[in-house]
6 protein chains.
Amino acid sequence: MKIFPYPMLTPPPFRWHRDEAIAEPKVHEWIRPLHLDGSSPFENKGIDIAILGAPLSRSSISASAASETPDAFRRAWRSFTPYNLEEDVDLTPLRVADLGDVRQHVTDIAQCHTHIRNAMTALRHHLPQTLPITIGGDHSITAMLIKGWKEAHPTEQVGLLQLDTHYDLRPLEEFGAANGTPVRNLIESGTLKGSNVWNIGLHGYFNSRSLKHYADQVGVNGITLKETRKKGIAATIRHALSHLDKEVDTIYLTLDMDVLDLSNGPGTPAGMPGGLRTDELLEAMLIAGAHPKVKAMDIVCLDPRKDIGSITVFTAVNAMLNFMVGVIKRGEA
Amino acid sequence: MKIFPYPMLTPPPFRWHRDEAIAEPKVHEWIRPLHLDGSSPFENKGIDIAILGAPLSRSSISASAASETPDAFRRAWRSFTPYNLEEDVDLTPLRVADLGDVRQHVTDIAQCHTHIRNAMTALRHHLPQTLPITIGGDHSITAMLIKGWKEAHPTEQVGLLQLDTHYDLRPLEEFGAANGTPVRNLIESGTLKGSNVWNIGLHGYFNSRSLKHYADQVGVNGITLKETRKKGIAATIRHALSHLDKEVDTIYLTLDMDVLDLSNGPGTPAGMPGGLRTDELLEAMLIAGAHPKVKAMDIVCLDPRKDIGSITVFTAVNAMLNFMVGVIKRGEA
Amino acid sequence: MKIFPYPMLTPPPFRWHRDEAIAEPKVHEWIRPLHLDGSSPFENKGIDIAILGAPLSRSSISASAASETPDAFRRAWRSFTPYNLEEDVDLTPLRVADLGDVRQHVTDIAQCHTHIRNAMTALRHHLPQTLPITIGGDHSITAMLIKGWKEAHPTEQVGLLQLDTHYDLRPLEEFGAANGTPVRNLIESGTLKGSNVWNIGLHGYFNSRSLKHYADQVGVNGITLKETRKKGIAATIRHALSHLDKEVDTIYLTLDMDVLDLSNGPGTPAGMPGGLRTDELLEAMLIAGAHPKVKAMDIVCLDPRKDIGSITVFTAVNAMLNFMVGVIKRGEA
Amino acid sequence: MKIFPYPMLTPPPFRWHRDEAIAEPKVHEWIRPLHLDGSSPFENKGIDIAILGAPLSRSSISASAASETPDAFRRAWRSFTPYNLEEDVDLTPLRVADLGDVRQHVTDIAQCHTHIRNAMTALRHHLPQTLPITIGGDHSITAMLIKGWKEAHPTEQVGLLQLDTHYDLRPLEEFGAANGTPVRNLIESGTLKGSNVWNIGLHGYFNSRSLKHYADQVGVNGITLKETRKKGIAATIRHALSHLDKEVDTIYLTLDMDVLDLSNGPGTPAGMPGGLRTDELLEAMLIAGAHPKVKAMDIVCLDPRKDIGSITVFTAVNAMLNFMVGVIKRGEA
Amino acid sequence: MKIFPYPMLTPPPFRWHRDEAIAEPKVHEWIRPLHLDGSSPFENKGIDIAILGAPLSRSSISASAASETPDAFRRAWRSFTPYNLEEDVDLTPLRVADLGDVRQHVTDIAQCHTHIRNAMTALRHHLPQTLPITIGGDHSITAMLIKGWKEAHPTEQVGLLQLDTHYDLRPLEEFGAANGTPVRNLIESGTLKGSNVWNIGLHGYFNSRSLKHYADQVGVNGITLKETRKKGIAATIRHALSHLDKEVDTIYLTLDMDVLDLSNGPGTPAGMPGGLRTDELLEAMLIAGAHPKVKAMDIVCLDPRKDIGSITVFTAVNAMLNFMVGVIKRGEA
Amino acid sequence: MKIFPYPMLTPPPFRWHRDEAIAEPKVHEWIRPLHLDGSSPFENKGIDIAILGAPLSRSSISASAASETPDAFRRAWRSFTPYNLEEDVDLTPLRVADLGDVRQHVTDIAQCHTHIRNAMTALRHHLPQTLPITIGGDHSITAMLIKGWKEAHPTEQVGLLQLDTHYDLRPLEEFGAANGTPVRNLIESGTLKGSNVWNIGLHGYFNSRSLKHYADQVGVNGITLKETRKKGIAATIRHALSHLDKEVDTIYLTLDMDVLDLSNGPGTPAGMPGGLRTDELLEAMLIAGAHPKVKAMDIVCLDPRKDIGSITVFTAVNAMLNFMVGVIKRGEA
Ligand SMILES: [Ca+2]
Ligand SMILES: [Ca+2]
Ligand SMILES: [Ca+2]
Ligand SMILES: [Ca+2]
Ligand SMILES: [Ca+2]
Ligand SMILES: [Ca+2]
Ligand SMILES: [Ca+2]
Ligand SMILES: [Ca+2]
Ligand SMILES: [Ca+2]
Ligand SMILES: [Ca+2]
Ligand SMILES: [Ca+2]
Ligand SMILES: [Ca+2]
């Protein structure tokens, strides 16, 4: 019998060959899959960061192949080194493990969600020192991941730093746990306070007026892109982090790739013109990664089949690596 | 309050403008949406053929945008006239109505399936003289549609004429009501006898050996493409129809677009080389449409986003029209 | 006999279904087609803004499918709400009607142009309180639309605010009323004074030197993108508007989508690198829309077939909506 | 002053470099542009075949970039040798000249048509021994080319061998000289008798019933694809040629690329499933080329921008070369 | 230190996860990579078939990404089961190992070729019972592979069964060991007799006349597609095999994917219209695989970047599997 | 015998037709191919700028069709006028000749490199007043071109201004003269001092840490994009030029198109998110072109087959023209 970490996980579908003789690995050689018996790939040392695939997109309002993103990520790693030249930061001291994917069901979405939630709870119990990065899947997973976190840490206050074009506050009665409802789900279930949600990058004509009213009512801090650019992305992110820092124990970072301008992120189900630029996103990730209370993150709503020239997949990987550069810098501060 | 036919239907999302002055309509002008009060668009005359969208593809094993096919169909109608030159058949005497789409839920697949099933039952009760053509969605809908039919006609024997690359006999315990299981679903639920299933076009390396064994056990008539071509597509279809004619009251025709060779049908989640040619498919549809016991049909597993140059969408519309030419010819025989 | 508004118009080819029960319509449900008898869709109230398709692109110098843009617009509306979150402006108080398309002829371009011109004149006579927005088609239509306006308002001085990579001042003797000549057409016909033309966004290597000389001679105000960026797009647009405000009664705004940088607007026949950014365009539209003398506008030279990931179509719709946000703000000032 | 052949022609926009030292030219080196003074490129020897571009597609009913086909042809020549291995025929003994393109106007379609017509008349007068092959452009050019021929040979009976999905018999009153009307144009103008038109490849749902009635009335010989395949393409073409041989002095061959099945010819404005296969087309061209009365041909309605993987452009070039192999074989018979 | 089989091989860049509990593997789980110490993955049992990547395409005349084909193959395996339904043949009794790729150099093409040649020689020495299937790469590798074979079996007569649009007989002086010269290379080096080369599928305008002369001179058996279709592909392949059977000890099968018609194989650097159909290719592979003297094969000149909808990659995998079905059937004969 | 300039050059494969009567040429008519006898196209006047194709990309680490860029350039010229509106600079006073391409070998990369090197040396000897612009090809050519320059000017100090995402300092022992090694090649061969290399635009995760160490050791001035944006692109380029001005006689400018952000330059083998914007690149080129010591330049690593909407090709041509505008401005300073 196979004893891969937790019953709700499956190993990564493929493993990169890793030539032990190579002095400088590329990202796909540096990030290592868990051993099949569930033990750490780092000679039984701890894992700093765990990457978890959540290949679920049948809960997406519009058709989406975001379920293919975890594998698209794994393939794209090959195009990156774990060394950031601009920051002169080497990521290889971080022990990063690929835990594989949360087991999914073809037709039982509720079961998929339960697995995702339980995976996070189990992760927190088994690997409490490890920062989890989940690769979606659609945005419905974020509600599950934070609920799973909360189950493991019931006394914690959790805050949400969200980069998104949308509020994700649509009514649960109508949609269920879909990609349009995770934040409402978290607020209505009492998992988060609305006032501990900071959503940055909202823009354009992609939220109805009633959602804005609901957001205001429950105290969600929605910072539009227009406001963001007035003070700059760096100051805006720092502002949100400093507020959250005062209110919560754990900040969960969620990056909905559709926050990008359509020319910078064509590979999302709902990307639109007028969004964030790539350089703004990359700077945001560096800053968020450096904050010590940011203890988990996810990247969602990236549809690799809609992508053009792999730009969205590469940008998402770059964003994740920038987050890790931030993590490394925590020690320096 | 709007009283559109049955509570589980929504009107077509858009209606083509129809200039009453035009002598020769195109297909999009000839096929008419139901009035919003649910009455016949044909001056209260009966409806010969009803077209129903079943925009469900979250039950697809691999990611699929087959949910977008009903609208892709409606748009593609504009490129066709209702006159088949090769057969010299004018379709306009047929009264064909577009009933709109079965109402879907974003995260409750079981509810979607119930709606689809109920829609068919309701259709049979309210429009018993009408031949329903359902545009999927993925192949999971076929199990629901036939169950719905059977509920309306509990004493009928129903047979299945399936054009497919796959058996669709995967185990229900593992997948639920997905696009890989409809035929097993129908057999295990006692809706159909295995021996009343004729599946034509099976080929290549896309079914496991155990499925073939199961098919043989339950008596499914799987005619591979190699066998089909030995006697020709026309003779093969006629052979299946004549067997079914002896055994059943109603033959349900289901066309999985992935039966086409990948070069002829690039727009399906699972299309592969070595499949049926377009001319073979079109001929099959003419023959099947002409058989008086073929009382319902569907077209499934067409993903318009994967399509190239609209070839698969246009081919599917052409196939549906050829089926109708067959229907018109029934009277002639 | 059908009496749709003016003989030179045809109704929109399709109408979106509009569920009266929905509290918050999306843009495709909010913008309403005229009734088929030509009466207002707003319970006989007036129309604030009229949208008119001018599906003509056979007058384009290079091959163009800009004729397909009006329908591409109508389909894209479905992806937008009529609420701008960044400006916190709800557009639904505006009564916006879709008048359909100007009737075109397949081979008689002059007749197409006459229809477009007459449509504008008729619009001004029948709906004098209505601001017309015309969706091209290629840029040749602008000359017709302004001539039509001038015919209805012969004593008005009309000015042109143009966003374009090109002067559109090529010689009429050589090209006729093509998409390279509308501004020259307007100047040489005495419809506009050259000094009342402000063209913003000119850049690169896409105008010949002689056109620049001609522009200078006739006093066209050509503001290159380099100059624009020195003072910023907002200040540049305001500068042009304030000059025009002093000189003319009506400012006509024309947006040639090729003004966008090719990465932000791939779907135009002549888009090139080095052009305007999306955020600059969107800001310009907000400002122009807010000026009370801007009484008509058009969007031209968008080829949906060349578009990539729908970015140009979505950007153009966004630009139009931003213009309307400006219109709403007029009241506030 | 330049005296390129006829005032209505412009030289090819580019000329391939031709290394005189190369023993075996490729097609782009073998076909030679006329000298700029209008003299033969073959040391003042005669020209066997003249290739003429007619880059007009603004007369196309739907948007089309068929105007780019002459240049797409010239570029594609580079991928072919002038030696057909299957027939063991070397084309290089044929003297083939590229005359360049008929001069076009941007907005005056009638003038474009007059130029095309006059170009053919002039060609017949100046180069009476030369077989002209015209590369469209849309199908409207065929009416002009045959009228031009007839003007040069007023006493000749001319017949038409047409490969097309469509009759091209739409009413002139409605469309003018568009790509849907050339055959009607020729019949109504008395240029051709309907009974001397053989149209092979008609199929599917792409002609209205009234066109079929008109075709029957005027005696057009419309051979559907279904009928064609009953006797085979070779026999069908031979049958048509032998009928025409008895009735006319000159057979004009026109190839509308949309006769191809969409999978074999994606690059046309109106291609559809259920059409001719590539091998059938290539065989037809060999046979038609070999008939001594086939004295002119054209290839139309190829839109290189819609093409996928250049398949339609390459197939059209291949078809033209097969026609030339037929021409060479005339001598042998 | 790692001792992967031969110094000129590198392990496959990635390995599929293989769940030992799965009863019916898919092709990617059934084909197994060699252990990293070079031992058999089949519990030290022998290997029936070895798959070897030769990712070299810098020796291609036109730019080609055929170097990416071995990995594209490995990824595509996931879409196939090892059970052929039409033949009712289960491939899993065959022990098939993936040996990885021949080590390549970025700028020293001669060294790449030497490695490929040596890999084959070493394979024959170490695994004499194993049938090697090499996945190119461009066609230059075939010359190296056969030379490597000959070095291991210097007394054998080797024959070549080639499926190709081209002779591959271009002069070595001009091109060196490129993808246009392998057959000439083999003949001129005395590795093969020209009369033991059977090239099937030659067609169109893609070989110069002088190559045909050279082919005839050296006795190469070039069977054009026209001749092939006269007797059928099955009979043609059998005819070639029966001739070769009399003359040689070993028949090497090489499949140049450009032999396919462009609509069936868009993903090759030189594919053209008028080529082999998919069903013909698949039938040919079944027959060739069944002949006991066919002891090695390769598949070359597939450029996955040019591919459309993965059709060429999937067809090539299907072709390889059909070959293996033939191999299994050898035992039956 | 033909005496085209130097034996290692071939004429451009095609020449644009150039109508002498046209007053204002477009770029393709203004840039003129050398006469076939090697004499100047400018009535025996000197050539200011020579454009040379170096269609070599088989030395690229990853598969690349950069070999097709010289022809893609020549075709793209047609979309540009030689007049820059923003700078009000007319380029036509510059005499710019297209020398054609350096002769390449299919399988002997070293020979290709030797030809490229010799072509530069010869150019310097025969046309010492001419500024050469070489269109690659991959970046390996830069090492050859500078070595060729140095051979002609052995006593000169040469500096390198490089715009690149990469250091191009990989070890020669491993890769040979590939596109990852040219700068190391130049430094290790003593052609350049490391301290005379200024590389601007380095960013992200695309250089290993050891390359950064090597760069620092040999004194290469690597300015990351982060640093560049702190002072602005103009100041950064001026800073580099002013340093180089003090140290060297000749500054060679090399533009690797992958320095662009992937959304602005999708057509390169290694483009990535987080790179330079188009407007930054265009500004840099204006400034570099204006410096009198910049005496040669190249543009490399543009793969037209990967390009999307021609954006990268058009941007590269625009960059080259901006460089020429700078050249014209030299006189003004
Ligand atoms: Ca979201
Ligand atoms: Ca979102
Ligand atoms: Ca199925
Ligand atoms: Ca199927
Ligand atoms: Ca314009
Ligand atoms: Ca413009
Ligand atoms: Ca036609
Ligand atoms: Ca046609
Ligand atoms: Ca070959
Ligand atoms: Ca070949
Ligand atoms: Ca470089
Ligand atoms: Ca680079």
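Any Cβ shown, glycine's included, is placed from N, Cα and C.
E:D256 (Mn(2+) binding site) counts 29 other C-beta atoms within 10 Å of its own C-beta, drawing on all protein chains shown. Under the heading Mn(2+) binding site, TrEMBL lists E:H139, E:D164, E:H166, E:D168, E:D256, E:D258.
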Exercise for the section: Determine the Cβ neighbour count for E:D164 (Mn(2+) binding site): the number of other Cβ atoms within 10 Å of its Cβ. Expected result: 29
Fill in the blank from the handout: For E:D258 (Mn(2+) binding site), the number of neighbouring Cβ atoms whose distance to its own Cβ is within 10 Å equals 29
Completion exercise
Its Cβ having more other Cβ atoms within 10 Å than any other among the binding-site residues E:H139, E:H166, the winner is E:H139
Exercise for the section: Would you mind listing, in sequence order, the residues at least six apart from E:D168 (Mn(2+) binding site) in the same chain with a Cβ closer than 8 Å to its Cβ? Expected result: E:H139, E:Q162, E:N179, E:G180, E:T181, E:P182, E:V183, E:R184, E:D256
Fill in the blank from the handout: Of E:H139, E:D168, E:D256, E:D258, the binding-site residues with C-beta less than 6 Å from an atom of ligand 9, in sequence order, are E:H139, E:D168, E:D256
Completion exercise
Counting only residues outside E:H139, E:D164, E:H166, E:D168, E:D256, E:D258 in the same chain, those with C-beta within 8 angstroms of the Mn(2+) site's C-beta centroid are E:Q162, E:T165, E:Y167, E:N179, E:V259, E:A270, E:V300, E:C301
Handout entry: DSSP three-state assignment for E:H139 (Mn(2+) binding site)
Key = coil
